[in-house]
Each structure stands twice: as C-alpha cells, then as structure tokens.
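Feature annotations, reproduced from Swiss-Prot:
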type	residues	note
BINDING	His56, His60, Cys123	Fe cation binding site
Amino acid sequence: MTQMNVESFNLDHTKVKAPYIRLVGVTEGDKGDKIYKYDIRVKQPNQEHMDMPALHSLEHLMAENSRNHHDRIIDIGPMGCQTGFYLAVLNDDSYENILQVVENTLKDVLNATEVPACNEVQCGFAASHSLEGAQELARELLNKRNEWTEVF
C-alpha cells in the first residue's frame, strides 16, 4: 500500500476492532503547543455505520458536554464514513485522561433530555437529529468500555 498523507488512509481498516479510542497523531506548533488527535471508533468499518440523525445528535451532545470535562478541547467531529469521530485536544498527552473524558461525556449523553443547538438558528440541518439514537450509541459504547484500548 502506497504511503498517503492522511493518517487514516494508511490504517488497515480490515484489521481494527471497534469500538476503540486511539491516538492518531501529535502536531507541535512553533511555540511548543501540541495538538493530540484521537480516533474514537464507534462502529466496525465497512460492516456497520451510525445513522445520520443519531450521529448528528451524538456530535452535538459530545461537542457541548465534553467541554465540561476538559478545558482544552479543540474540536470533536464525525468521520465521513459514519463509523466514528475525531477528537482534538491541546497540550494533554494523557491517554487515560482522554478515556475518562469520553466516558464522562457519554454518561452525560445518557442523562440528556434534549440535543443542544438543535434548531435552525444554531444548526445547519436541524431536522436531522435523534436524541434516542444518540443515547443508544452512547449506551453501546459504554457497555464496551473495557474494549476501548484494544485497537486490533
């Protein structure tokens, strides 16, 4: 396989075992700050995917609630393949800390009564949401919490 610029294109998706959380890479800035990018894989690549309304709501819930557990979250966003999310954090090299942040955030999802910013003013596709779907995804991930560190 030819080496590509995008890290995930160099990952053999037939060998991974979802769910997992793995460090994708570290980017260091000119002043020494470091961005840690994580692959939060929810579904098994090429076998399963998240339905868009559930994925969209889980994105909103995780983006909003994760910042209650970590003050240096840069972004959390869905993968185009609908099998997971990317999480970027600033200057935190603790994998265990990130696992705890994700766990706490998913517990928040289970307790949510609404999807944040689920309206036409704050969201580009407000009609495509499912709180129940997001909560089911969170429940599935939490039920397999002991597997998150096993990528292959």
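Using the three backbone atoms N, Cα and C, a Cβ is placed for every residue, glycine included.
When other Cβ atoms within 10 Å of the Cβ of His56 (Fe cation binding site) are tallied across all protein chains shown, the result is 24. Figure note: comparing Cβ neighbours within 10 Å for the binding-site residues His60, Cys123, the maximum is reached by His60.
Each of Ser57, Glu59, Val115, Ala117, Cys118, Phe125, Ala126, Ser128, His129 belongs to the same chain as His56, His60, Cys123, is absent from that list, and has a C-beta within 8 angstroms of the C-beta centroid marking the Fe cation site.
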